Amino acid sequence: MTTPAYSGLGPALTYVHERPLEPGTLVRVPLGQREVLGLVWEAPGLSLEGLEPGQARAVLQVFDAIPPLDAAWRGLASFAARYYQRSLGEVALAALPPQLRDLQAEQLARKLKRLAKAAGSSTKGGHQPDAANSNAGAPAAESAADNSAPPELSPEQAVALQRFQADDRPALLFGTTGSGKTEVYLRAVQELLEQDPQAQALVMVPEINLTPQLEARFRERFARWGVVALHSGLTPAQRLDHWLLAHQGRARILLGTRMAIFASLPQLRLIVVDEEHDPSYKSQEGARYSARDLAIYRAKRESEGRSPGHCRVLLGSATPSLESWRAAEIGRYLKLEMPQRIGGGALPRLRLVNMNHQPKQCVLAPALLESIAERAARGEQSMILLNRRGYAPVLACHACGWKSDCPHCSAHAVFHKIDRTLRCHHCGHSARVPYACPDCGNLDIAPVGRGTEQLEEQIAGLLADARRADGGPIRVLRLDADSTRAKGSLEQQLAGMHEGEFDVLVGTQMIAKGHDFRRITLVASVNADGGLFASDYRAPERLFALLLQAAGRAGRDASFVASQGTAVELWVQTWYPEHPLFAALAQHDYPAFAAQQLQEREEALMPPYSFQALVRAEARTQEAAQALLNLAAQAGEALPGREHLTLYPAVPMAIQRVANIERAQMLIESDSRPALQAFLAAWQEQLQLARSRPEAKGVLRWAIDVDPQAI
Ligand code: ADP
Ligand code: ZN
Ligand code: ZN
């Protein structure tokens, strides 16, 4: 029998095996001199007659200890490959746990036995293997049973859940920060799994480390059903174990980041996408897929041939993406609303600080500083958002104008005072801070601008005389990618914040997401203005979401706020207080903001009213990178769909050179998604051909990004 199977990045290859193999079967096959993992894609059962001797090699091993990947999964992989313009082999094989590639069939069989044994020896239900602990290297205490009884739903939650269950459409849960969206997810999962003893649920979150609370809640409540996690923080062995448990249907709840959308879940009936607006759902490498968009496709595909609502999607956010919001507005999605906070707490009041009227060089407005000190004295916490890590974005010499540029990128190297380094955040280059200006010898080189490291230092200084209620000094915690590099340190520091070991939290956008802080009553944003005027048309949407999400960390415990008699506030320091974005922010009026943004997008024919793709080329020279794109564009004039498309000229990317590689991009726009898809599929060949032209000498690679998130 011949068996076309995917074993590499190219098209399917044909192999032979003594008996027919089902599509979706995992195999080991020879590829050149190597032996690799393969996936049987079709098994047409041809006889060997049509083949020349030696034309097809034999399958070496069949992983028959596990079921084949089912048709819905294969449908998802081939859709993703087609839509995001990558090869099927690449997408399908990248979706499998990496360790599977190095495994012999008998090793897999042994692993499965171990997993089954671990499951059998654990608590009653038998589906809580210790492999389910997701924290690599730090096995969490096994949660014995369901000790946490679910709370009674608020009326809004009950209505949302009931409406969700009475509909077939993808649902968008538009719930304000602190409205209890997580409880709705939990209950939707619970009711499904109780009613269908086989069903599986997939719950996706943007970054699992940021929300250990959410994971804990699922584990506590659903231990009996087997909860496993899938994300990049796992060891390869854990990733394989969890993948296998889901694939076998033994784990009925899978929690994961965007990669989890490709997990094999043969009984999948519910996909939850928490914080669905979050940009991290869009992959930025390989197949640049959107896990949120694939969730919609996957649910539809899983329902095919069954009932229309067999597999459901529940998207949730306090600041939905404009794409999802519009889909809900026009009825393509079911819109569920929860405008009230649990406990009836108020949302923070906006206090705009006009920086034109503040003392020169001031870091925090005096009134803001005072408010933070008063809160600390009363046992309340504050949080300050500054979306830039390091001490200062650049060092400069005021005598000659030298700046700390990265030698390999068209970007500044960031000054990190802690270890006195200049670090490039784009290529990773790191150098010691020079003693004197490298150009003129001036000893007085100084930081320009401010990052979180500096803000932490300045706040500690400014609050040095302030005291907590117990007379102790104010304690400042900084959270950003630098301060949380060590494994487990993010979780530990977040726990400290929850325990009240700190009074002020300073950090990048990671502090704004999802956290259920109970004692924060003030949130401040100190350099939001960049987002008001950025060239990327999505910048206002991002900024609005970030500020509302950040604001949502304050005043979450209504009874604490009431007992303190405090005012919950969002402070924003800005040079442009009249900007219309702030008017909508003051009202916490996402719908008004979205309506205004959508109107602008419709007038300018921008997504979601049009469809985009971005083609990026990398080369030794900027000319070559642009030439590749422009030549391919000329060659594509007659391709299908072309008449519905606008191809813009190639331009350098915002950061034009990274690690000595020049980067250019070309934007393609269309009012027709099928036309764009048809064109891109045909155009790949033209790009390939353009690469051999002399003008494009030195081109290293190019990639297509469909529905790009950043332009
Ligand atoms: P969101 O995700 O919408 O911001 P959360 O799901 O974090 O909100 O819920 C906010 C807080 O309210 C959490 O502390 C949660 O435990 C609590 N909560 C949610 N639903 C209920 C309920 N029905 N009864 C009591 N407390 C609830
Ligand atoms: Zn100088
Ligand atoms: Zn660099």
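Just so you know, glycine gets a Cβ as well, placed from its N, Cα and C.
Taken from TrEMBL as is:
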BINDING   CYS397, CYS400, CYS437, CYS440  Zn(2+) 1 binding site
BINDING   CYS406, CYS409, CYS424, CYS427  Zn(2+) 2 binding site
COMPBIAS  129-151  compositional bias 'Low complexity'
DOMAIN    162-338  domain 'Helicase ATP-binding'
DOMAIN    417-606  domain 'Helicase C-terminal'
REGION    118-157  region 'Disordered'
Which same-chain residues, if any, lie at least 6 apart from CYS440 (Zn(2+) 1 binding site) yet have Cβ under 8 Å of it: CYS397, ALA399, CYS400, TRP402
Binding-site residues whose CB lies under 6 angstroms from ligand 3, from CYS397, CYS400, CYS406, CYS424: CYS406, CYS424
Neighbour tally for CYS424 (Zn(2+) 2 binding site), based on other Cβ positions within 10 Å of its Cβ: 21
Nearest-integer angstrom distance between the alpha carbons (Cα) of CYS409 (Zn(2+) 2 binding site) and CYS437 (Zn(2+) 1 binding site): 20
Mean of pLDDT values spanning the domain 'Helicase ATP-binding' (162-338): 95
For CYS437 (Zn(2+) 1 binding site): intrachain residues, at least 6 apart, with Cβ closer than 8 Å: CYS397, ALA399, CYS400, TRP402, LEU443, ILE445
Fewest-neighbour residue among binding-site residues, criterion Cβ within 10 Å, set CYS400, CYS406, CYS409: CYS400
Least buried by Cβ count (within 10 Å) of the binding-site residues CYS397, CYS427: CYS427
Cβ-based neighbourhood (8 Å from the centroid) of the Zn(2+) 1 site, residues CYS397, CYS400, CYS437, CYS440 excluded: HIS398, ALA399, GLY401, TRP402, ALA436, PRO438, ASP439, GLY441, ASN442, ILE445
Filtered binding-site residues, from CYS406, CYS409, CYS424, CYS427, CYS440, whose Cβ is under 6 Å from an atom of ligand 2: CYS440
Residues close to Zn(2+) 2 site centre defined by CYS406, CYS409, CYS424, CYS427, Cβ within 8 Å: PRO407, HIS408, ALA411, ALA413, HIS425, HIS426, GLY428, HIS429, VAL658, ALA659
Where CYS400 (Zn(2+) 1 binding site) falls in three-state DSSP terms: coil
